[in-house]
Structure formats: C-alpha cells, structure tokens
Amino acid sequence: SELKAEKDGVSDSESKVDSRIPEVPVSADDTPEVLNKALSGLSSRWKNWWVRGLFTLAMITFFFFIIYLGPMVLMMIVLCVQIKCFHEIIMIGYSVYHSYDLPWFRTLSWYFLLCVNYFFYGETVTDYFFTLVQREEPLRILSKYHRFISFALYLTGFCMFVLSLVKKHYRLQFYMFGWTHVTLLIVVTQSHLIIHNLFEGMIWFIVPISCVICNDIMAYMFGFFFGRTPLIKLSPKKTWEGFIGGFFATIVFGILSYFMSGYRYFVCPVEFNNDSNSFQVDCQPPELFQLQEYTLPSVLESVTGWTTVHLYPFQIHSVALSSFASIMGPFGGFFASGFKRAFKIKDFANTIPGHGGIMDRFDCQYLMATFVNVYIASFIRGPNPSKVIQQLLALRPDQQLHIFNSLKAHLVEKGLLPALEGAAA
C-alpha cells in the first residue's frame with residue numbers, strides 16, 4: 001500500500017508539472033491549396049502519403065543540386081539549416097513561456113548562437129585556411145587571439161544574463177538559460193562536425209546523410225505497407241517491420257557507394273588553393289578509394305558462384321555507416337519525439353508540408369554527424385603532412401632550424417638520410 005501511495009504521489013506530481021506547462025499553439029495545415037484540391041478525394045492516410053512523397057522528391061532534387069554547386073555552397077546550406085533548427089527550438093521555448101515576459105530571452109539566445117558560431121568557424125578557418133590567415137595581417141591577429149575574443153564575447157552574454165534576472169522568475173530564467181545552451185550543444189556543435197566531415201572529402205558528407213535519408217524513406221514505406229507491430233511508445237507510428245526493412249535497404253544503399261568511390265570530386269579532401277583563392281577537390285586518391293581484390297567466404301562463394309570480388313575499401317566502411325544510420329540513427333528521432341510529446345506538439349514547425357520543420361528532418365542527421373566524425377578520427381584519419389608543413393613555415397627561423405637539425409639527426413639515426421644522400425649523388 002505504501003508503494004502504491006508513493007507511485008500515486010509521483011504520478012500526481014508529474015501531472016501537476018505537465019499541467020503547469022502552457023501548450024504550444026498548434027500550427028495550421030501547411031499543405032498548398034493546389035495539392036489539397038488535387039488530393040481531396042483521398043483518405044487522410046493516402047493524402048499524407050502523396051504529400052510526403054512529393055516533397056521528399058523535391059528535397060532530394062535540391063540535395064543533388066547543392067552537391068553539384070560544390071563544397072562552399074554545402075557549407076552555407078549547413079549554416080542556414082543550423083540557424084533554422086536553432087530558431088525552431090528556441091521558438092518553442094518562447095511560445096511556452098512568452099506569457100512570463102522574460103527580459104532579453106530571445107536576444108540573449110541569438111547572441112549566444114553568434115558567439116558559438118564565431119568560435120567554431122574561427123577554429124575551422126584557422127585550421128583549414130592557415131596560409132591565407134598568415135598572409136593577411138588582420139586575419140592573423142584575429143587568429144592569434146581567437147579563443148580570448150570568443151571567451152570575452154561569451155562572458156559579455158553571461159553578464160547580460162545575470163543582469164537580466166528578475167526576482168519573481170529566477171528559476172524560470174535559469175530553465176531557459178539551460179534550454180539555450182542545450183540547444184547550442186545539439187545543433188551548433190554537431191553542425192560544425194558536419195563541416196569537418198565535409199573537409200575530409202565530400203563522400204564523407206554525402207554518404208552518411210544519404211544513408212539517413214534512405215533509412216527514413218524505406219522505414220516509412222515498409223511501415224506504411226507492412227507495419228503491424230509497434231516499435232516504441234514514443235513514436236506510435238514506428239513499427240518493427242519498418243525498422244527491419246529500413247535496415248536492410250540502407251545496408252544495400254551503403255554498398256552502392258561504389259559508384260561514388262571512383263571520382264576524385266567526391267573522395268578527395270576539400271582544400272583551399274592559395275594561388276586561385278578558391279576551394280579545390282583534386283588529389284591522388286588514397287588507398288581507401290582504390291579497387292582491391294577480396295576473396296569471398298565459402299558460404300557466399302557457393303551462393304554467388306564468385307571466388308573473388310573487386311571492391312573499394314570505403315564500401316566496407318559504408319556498411320558501418322549504414323548500420324549506424326539504421327540502428328542508432330532513429331534514436332535521434334525518438335529523442336525528438338519525446339521532446340515534442342513533452343510539449344504536446346506534433347512538429348517543430350510547419351516549414352515543409354507533410355514533414356514539419358527543418359529540425360524534424362535533421363533530428364537523426366546530427367547524431368549521425370557526430371558518429372562519422374568520431375569514426376574518421378578513430379579509424380580513417382592519419383597525420384596530415386601539409387598541415388605540419390604549414391605550421392612549420394609559421395615558426396621563427398631559429399625554431400625552423402632547430403626542428404630541421406632534430407629531424408636530420410633522427411633520420412641519420414634511423415639510417416634513412418645516408419640512403420637519400422647516396423641516391424641524390
């Protein structure tokens with residue numbers, strides 16, 4: 001009886017907390033009037049199918065178009081998506097708590113977004129545009145004191161928040177302060193990792209994003225036609241049939257990265273050319289993107305009749321990316337579903353008909369971006385000689401000479417330098 005009373009007390013307190021949360025206004029139907037008329041004879045289930053399908057095709061077409069435009073446009077699109085996702089989450093907080101008239105809430109939220117972007121993009125510019133930064137005196141000074149400037153900007157916002165505290169709303173203001181910072185962590189940090197993945201080669205940007213898109217589409221289709229068994233309570237429409245069907249479809253899709261692995265435009269790191277002052281995607285493809293011969297296991301040999309196959313090593317890595325996109329990626333969507341259910345909303349916004357807001361489409365992408373960045377750092381990336389040389393050239397002459405003598409002594413000790421000298425003679 002004590003346990004029952006305790007449980008009842010917990011449920012009562014939870015319901016009281018939920019009742020104190022104002023509801024977010026429900027957005028109106030965002031489907032274009034032309035589509036509403038064309039699909040008026042269909043049931044709501046099939047109408048939603050056609051609306052989602054048409055706008056999915058439109059988004060995929062736009063995705064291919066920005067890939068064609070090159071890495072610089074992709075970076076700008078990532079920044080725009082980041083800002084829109086941040087706006088959608090912050091506006092939920094503002095819609096819930098706007099009646100309290102919290103001073104400076106939206107102003108400080110956007111100010112912190114500016115500070116964090118200044119920090120991350122400044123780090124990226126210093127890392128990938130080192131020669132350009134050292135060549136321009138204003139950029140060199142900003143680069144040298146970048147972290148101090150970033151901290152000073154954040155400290156200004158922190159002091160502004162403290163000065164904005166109102167006696168009656170202390171707790172609520174700290175709630176919203178945490179809301180803003182968690183949003184920055186989820187959105188800005190992970191969009192920064194997407195740009196880092198892009199610099200490793202466009203294939204590390206395109207394949208992970210495409211795997212998430214493929215899993216989302218195929219899970220929806222398998223669930224729509226064959227779904228019977230609920231998967232998780234947070235998302236009642238998700239089914240085991242859709243989850244499993246999406247998994248196998250995404251694995252097959254990942255292996256099809258074979259068609260991209262042979263093009264330098266996709267596999268070469270994105271680098272800045274100081275002579276032309278533009279990005280270039282040209283290199284000698286690394287071993288990861290060179291065809292290798294693999295011997296098939298006896299089980300697969302008996303099924304296919306092939307003894308060996310020629311694959312790019314990246315295709316093996318793409319299986320890991322596809323597996324994560326289809327198994328762990330959906331948990332980003334479940335997290336977003338739980339967030340929306342907590343505030344009794346269906347979507348983050350009504351930007352895309354049939355899909356909701358931008359954040360509704362990117363809830364899984366951010367989790368995927370973090371995994372790809374960790375995966376590259378753990379299993380792919382090695383020392384970068386060009387970056388080491390750039391850093392050496394920025395040193396004073398006496399420091400360069402000291403490193404030269406140290407390197408020379410090391411090569412002599414290893415027995416490499418005499419062989420090089422003999423070859424030159």
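Positions of Cβ are set from backbone N, Cα and C atoms, glycine also.
Here's what TrEMBL has on this protein:
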type     : residues : note
COMPBIAS : 1-21     : compositional bias 'Basic and acidic residues'
REGION   : 1-24     : region 'Disordered'
TRANSMEM : 104-121  : transmembrane segment
TRANSMEM : 148-166  : transmembrane segment
TRANSMEM : 173-195  : transmembrane segment
TRANSMEM : 201-227  : transmembrane segment
TRANSMEM : 239-260  : transmembrane segment
TRANSMEM : 314-336  : transmembrane segment
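Against the transmembrane segment (104-121), stretch 148-166 has more CB pairs under 8 A than any other of 148-166, 173-195, 201-227, 314-336. Using a Cβ-Cβ cut-off under 8 Å and counting only residues 6 or more beyond its ends in the same chain, the transmembrane segment (173-195) has close neighbours at 75, 78-79, 81-82, 85-86, 89-90, 93, 97, 102, 105, 108-109, 112-113, 116-117, 120-121, 124, 161, 164-166, 205, 365-367, 369-370, 372-373. Sequence-remote contacts of a segment are chain residues at least 6 beyond its ends whose Cβ falls under 8 Å from one of its Cβ atoms, and for the transmembrane segment (239-260) they are 203, 206-207, 210-211, 214-216, 218-224, 226-231, 266-267, 311-312, 314-315, 318-319, 321-323, 325-327, 330.
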